[in-house]
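Okay, structure first, notes after.
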Amino acid sequence: MAIERTLSIIKPDAVAKNVIGKIYDRFESAGLKIIASRMAHLSQNEAEQFYGVHKDRPFFKDLVSFMISGPVMIQVLQGEGAIAKNRDLMGATDPKKADKGTIRADFADSIDANAVHGSDAPETAAVEVAFFFPGMNVFNR
């Protein structure tokens, strides 16, 4: 497997529950390195830009409102097969359908307040990482 980078966001619901450290432990225990991180309170414009791919979907407005409702923790994860590994750690989008022991099964409340975001492909990962960490703000470890 190739070494990959992926973007991960710990969403406002999980930040409010004070489980950032528990989620970071899962990343690191799975062999993923956190190579960049920052806390941010997204503006409406930032959330609309980041989730722009969904702008014509019925849930777009609610997604943007949720993502600006409180601070988020944004990180870049690196490791072998990082994209798939992170998606496995996250679990299904709907926490009720997520496998036991996944981040969403353990920390999410609903399909909307589902604790985490993760890139779904190498192409989207590159775009998402560049969106939040432009230039030289990401470091190999």
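In case you wondered, yes, glycine gets a Cβ from its N, Cα and C as well.
Annotation source Swiss-Prot lists ATP binding site at Lys11, Phe59, Arg87, Thr93, Arg104, Asn114, citing sequence analysis. Cβ-based neighbour count (10 Å, all protein chains) for Phe59 (ATP binding site) stands at 12. In the three-state DSSP classification, Phe59 (ATP binding site) falls within coil.
Swiss-Prot lists His117 with the feature active site, pros-phosphohistidine intermediate, giving sequence analysis as the kind of evidence. His117 (active site, pros-phosphohistidine intermediate) is surrounded by 21 other CB atoms, counting those within 10 A of its CB over all protein chains shown.
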Neighbourhood of Lys11 (ATP binding site) by C-beta distance under 8 A, where only residues 6 or more apart in the same chain count: Phe66, Met67, Val72, Ala113, Asn114, Ala115, Val116, His117
